[in-house]
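Sequence annotations record features per position, and here TrEMBL assigns region 'Disordered' to 1-35, 111-140, 162-224. Here TrEMBL flags 38-114 as domain 'Transcriptional factor DELLA N-terminal'. As annotated by TrEMBL, compositional bias 'Pro residues' applies to 112-124. Residues annotated as compositional bias 'Low complexity' in TrEMBL: 185-224. Per TrEMBL, the feature motif 'LxCxE motif' maps to 247-251. What TrEMBL lists as region 'VHIID' is 315-380. Annotation source TrEMBL lists motif 'VHIID' at 346-350. Residues or ranges marked as region 'Leucine repeat II (LRII)' in TrEMBL: 394-426. As annotated by TrEMBL, motif 'LXXLL motif' applies to 450-454. The region 'SAW' annotation in TrEMBL covers 544-620.
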Amino acid sequence: MKREYQDAGGSGGDMGSSKDKMMAAAAAGAGEQEEDLDELLAALGYKVRSSDMADVAQKLEQLEMAMGMGGAGGAGGTADDGFVSHLATDTVHYNPSDLSSWVESMLSELNAPPPPLPPAPPAPRLASTSSTGTSGGAAGAGYFDLPPAVDSSSSTYALKPIPSPVVASADPSTESVREPKRMRTGCGSTSSSSSSSSSMDGGRTRSSVVEAAPPASQASAAANGPAVPVVVMDTQEAGIRLVHALLACAEAVQQENFSAADALVKQIPMLASSQGGAMRKVAAYFGEALARRVYRVRPTPDNSLLDAAFADLLHAHFYESCPYLKFAHFTANQAILEAFAGCRRVHVVDFGIKQGMQWPALLQALALRPGGPPSFRLTGVGPPQPDETDALQQVGWKLAQFAHTIRVDFQYRGLVAATLADLEPFMLQPDGEDKDDEPEVIAVNSVFELHRLLAQPGALEKVLGTVRAVRPRIVTVVEQEANHNSGTFLDRFTKSLHYYSTMFDSLEGAGTGQSADASPAASGGTDQVMSEVYLGRQICNVVACEGAERTERHETLRQWRSRLGGAGFEPVHLGSNAYKQASTLLALFAGGDGYRVEEKDGCLTLGWHTRPLIATSAWRIAAP
C-alpha cells in the first residue's frame, strides 16, 4: 500500500524545500510518534495516516487538475488563470504537517472568489541600449542603477541591453494565455543568502544571484504586496558584456565622447565583480586606467624619484614570481658568454642594473670557464634615488663580494642617469687603460629599457649612436613581444587588453610561476600580488597616459629589427644551445607546461601557450 502511493507522497514533497523537509523530519523524530503514519511521508515531514492515503491521493489529483486548467478557455478560464496567478505571486503557502487538511483547504480556496489584487509595482530594470540608439531609463529603484549605455549608432562596440529581471505579474490583464504550471511552495525558513550561486539548464549555465529578498520580509510581502524579485545574472553573459563595455568605453574615449565614456566606465566594476581569477583582475586594472583617462587623473610619472624606487621593488617581485625575467637574463647571459669566449678582459654595460640579479649567474659561468675566469668589469646604469642614497654602489658592493668568493677579478662602476639619452660614449670607456693591456671586449645589455626611449623624439637614435661609438662585440635586447605604440587609441587598447590578459592568465594558471623548491610562504603570496601591481602599472601607463608620459611603448620583434637595422646593427643568431637551456629552465617552474619557448629567425621568444610575450635578440655592428 505504501509503495503504491509513493508518487502521491512525492508530489506533496515537491512543494517544500529540502532544507525545511529535513528540519520538519528532525522535529518529528524528536517529538512523539503518532500511530499508523505513513513512514515514507513521515520522513519528509508530512503526517498522513496509512488509512487516509487513498483519499489524499484523490484530492491531490483534483487539486492538480484545478490548478492546471487556468487556460481552458472562456470567461471561466480567464478567471481561473487570474486566480492561479494570484496564488503564484501574491500568496506564500506553507507546507503543513497535516497534508490531508491542507489539500482540503486548497480545494476550498479554489472554489472561493479571488481576493482583490494590488497593482503590480514597476519591475526593476537595468539601463540598456535600444535598437534606435536611445537608452532605456530605469522604471524604478532596482538592484542595478546603471548609467545609460553608449549610443549604438555612434559606437561599433555598443553594449547589448542586459535582460531585465523576470518578475511575475500580479495583474492577469497584463499577461497573455498562461501555460499550465505546477507551483513550488516553500516552508517558512529563517535563513537565506543575499549572494549565492545556482545552476540552470542541467548545470550548463552558471549564474549568480546578486540580491534576494530578506527573510524577515517574506511574510509581510505575502500580506501587503508581491514578492521582492530575485535578480540573476549569468556569469558568461556578464563576461561578454564586460569586454564589450571596456571596448565601447575605449572607443568613446577615442571619439572624445566623455559623457558616454563616463556612463560606460561606471559599469565596468559591477561587471568585473561577476568574474573570477585573471579576468576580474585585468578588467579592474583596465577599468581604473580608463577612469583615470576619462576623469583626467594622471598617474605618477615614471621618471619621478619615488616611482623609480618603487618600480625596482616591483621588478624584484616580478622576477621571483614568474619565469619571464629569468628567461630574459638567462638567454642574454648565454649570448654574452659565447661572445666572451677566449677573452681575458671583458666589460658589460647594463642599461638597467636595478638589483643586479642578472649578473651572479654570468660571473659563476665565467669562473668555471676552462683556463680560468677573465677580468670582469661591470657598468650599471640606474635612476637617481629619492633619499639621495647611492643604491648603485650598494648593488656593486654585493656583486663584488660574490665575485670575491668565486675568485673572479671584478670591477664595478655605477652611472646615475635619469634617462639613457643622457649617456655619452666617454662615460662607458675605461679610465686610464694601459696601452700594453689587452683591449676590453664590450657587451651592452638592455632588458625592457629601449622601448621607454620611444617617448622622447630622437632619444633612441642617440642611445644607439652611443652604443655604436663604444664598439661592442654584442648587444643583447629583451623586449615585450607586443605592439602598443602605433595605430589609434582603440587599437592600442585592444592589443594591450589581449596581451595583459594572457600575462595574467600565465600568473594564475602556472601556480604563480614559482620554482619547485620555492617556500610555501612565497608561493601565491606577496610575490604574485606585487607582480600583478607591476603589470597593472604598465596597463595604466599604456591606457591613461599620452605624450612623453606614456613610456610603455612596446613594439614587436619585427619592428625592433627595422629600428636596429636602420641604426647600423645586424642580428646575431642565438643558437640551438640557448634554446635547449631555456627550455630546461622552464622545467624548474611549477606549471611550466603552459610556457612555450620558440626560436624565431635566430631570436628566442617566451610565451604562454600559443601567444609569445617577450623576445630576446642579439646584435652586433654591421660590417661596412
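Backbone N, Cα and C define each Cβ position, glycine as well.
All TrEMBL annotations are machine predictions without curation.
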Intrachain residues whose Cβ lies under 8 Å of the region 'Leucine repeat II (LRII)' (394-426), provided they are six or more past its termini: 303, 351, 353-356, 359-360, 363-364, 366-367, 373-384, 449, 452-453, 456, 459, 462-463, 466, 469-470
Stretch-averaged pLDDT - the region 'SAW' (544-620): 91
Secondary structure content of the region 'Leucine repeat II (LRII)' (394-426), with strand meaning DSSP E or B: 17 helix, 7 strand, 9 coil
Residues of the region 'VHIID' (315-380) by DSSP state, where helix covers H, G and I: 32 helix, 12 strand, 22 coil
